[in-house]
């Protein structure tokens with residue numbers, strides 16, 4: 001029997017999503033205006049929870065559509081305004097440029113990265129050592145590149161490995177065209193494929209946590225670090241030194257956690273690379289080496305030189321992150337002969353849906369600001385003093401960063417603390433310590449969920465996640481040991497007085513200097 005127009009509309013709404021999910025989104029859209037009329041504050045928090053729900057269900061339906069509908073309705077009923085949404089996007093333009101250009105730029109360095117990581121994987125047989133290498137390499141790269149860039153690299157590498165194996169296991173040779181997303185059980189060894197998926201999940205999670213370990217250390221590591229450094233008037237070196245009493249112990253604790261979960265096969269870790277898969281990857285490596293022409297070698301050299309420019313440009317902040325990304329695209333494509341528009345377009349496919357999703361997120365951020373959802377938490381935290389205040393800010397930041405975007409959380413908190421400094425509620429030295437607590441609080445506990453770490457959300461919504469069966473719940477479970485260890489070590493470094501003692505030592509050694517409140521007043525309250 002043919003469908004009625006109404007049934008057809010419902011069938012088309014959110015496509016292949018489950019019926020219960022469609023009903024849930026429709027009920028949210030029906031309830032929100034009523035709630036907003038009754039109590040705007042509660043309606044604001046309900047909207048945030050609903051948006052988090054759409055992110056949690058990312059594998060049922062890409063969050064752009066349901067989240068976007070909720071955001072559009074929020075603007076229509078007056079929870080926020082189009083002006084506020086535009087202001088949020090303008091304030092975070094660097095983050096959007098980063099997604100559009102930097103992720104695409106890395107696409108053109110894929111051959112070099114695949115070469116480096118393939119060597120790492122085929123030459124090192126110990127799973128524990130490979131895991132630690134991936135974690136440390138991600139941390140190092142994240143100190144200079146944005147975490148999203150690093151995760152984009154690792155995703156590229158993993159998709160490369162997966163497609164090579166899938167191609168050979170499906171009975172084709174290395175040079176054949178092949179759709180690695182197809183499921184062909186008659187040719188693929190299911191248990192072997194499952195082990196390989198587990199292995200890739202492990203490596204991606206270690207790498208994802210590595211990006212958080214490295215990203216917290218420097219002012220270019222994460223977008224919110226740049227905002228915090230600007231408000232505190234810190235340069236690259238001073239930022240790294242001030243963070244080190246928390247970031248150095250946390251880094252070593254993170255690497256130790258990587259070793260322990262692999263050694264004891266806890267939380268879904270410890271999946272071994274099947275021998276047959278290792279053989280295929282090794283053969284592919286030898287095959288690639290044998291057929292590498294002088295032109296191919298020059299391409300690798302160009303990509304390596306562009307990689308050096310990328311790290312130098314970011315470390316010394318020679319231009320905004322997105323513009324450096326654009327220069328990476330231009331240099332790589334110009335010198336490696338990629339001039340076809342279609343070939344250029346493929347580089348932008350991975351990041352643009354996520355860029356649109358982030359723009360929708362800024363609409364929700366607009367609601368949080370207009371409805372002052374965070375105000376009670378901030379006033380409560382400022383009512384304490386000394387180390388207790390630092391710990392509370394760290395925990396409050398951490399909890400909110402687990403469920404909200406950490407760029408937003410960091411920006412809101414640093415601006416509130418800046419206002420407290422200018423009002424004379426806290427001293428300049430306490431402000432500097434609070435800036436450390438805010439930066440570490442937004443970066444470390446936020447590994448708990450994909451909502452907190454943009455890199456994790458990017459991984460979850462990538463084309464790779466369904467291939468290796470990486471769901472939201474599995475991601476949270478695998479991140480759990482890291483969440484616990486990083487959060488606790490961070491708290492101990494602050495609560496024990498180690499942060500304040502080391503900061504005093506840095507002052508005494510003239511590694512850093514005291515700043516003044518007047519200096520802070522000179523820097524207008526920016527961001528939000």
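Including glycine, each Cβ sits where the backbone N, Cα and C put it.
Taken from Swiss-Prot, the feature transmembrane segment applies to 23-45, 66-86, 95-115, 130-164, 203-223, 241-261, 310-330, 349-369, 390-410, 448-468, 475-495, supported by sequence analysis.
Contact between the transmembrane segment (203-223) and the transmembrane segment (349-369) is not supported, since fewer than 3 Cβ pairs fall under 8 Å when only residues 6 or more apart in sequence are counted. Tertiary neighbourhood of the transmembrane segment (130-164): same-chain residues 98-99, 102-103, 106-107, 109-110, 113-114, 117-118, 120-121, 124, 174, 178, 180, 196, 200, 202-204, 206-215, 217-218, 220-223, 251, 254-255, 258-259, 262, 269, 280-281, 284, 310-311, 314-315, 321, 325, 350-351, 453-456, 458-459, 462-464, 467-468, selected by CB-CB distance under 8 Å and a gap of 6+ residues from either end. Counting Cβ pairs under 8 Å to the transmembrane segment (349-369), the stretch among 23-45, 66-86, 95-115, 448-468 with the most such contacts is 66-86. Through the fold, the transmembrane segment (448-468) approaches residues 52, 55-56, 58-59, 62-63, 147-148, 150-152, 155, 158-159, 162, 180-181, 197, 200-201, 204, 208, 211-212, 350, 353-354, 357-358, 401-407, 475-476, 479-480, 483 of its own chain, all at least 6 residues removed from its boundaries and within a Cβ separation under 8 Å.
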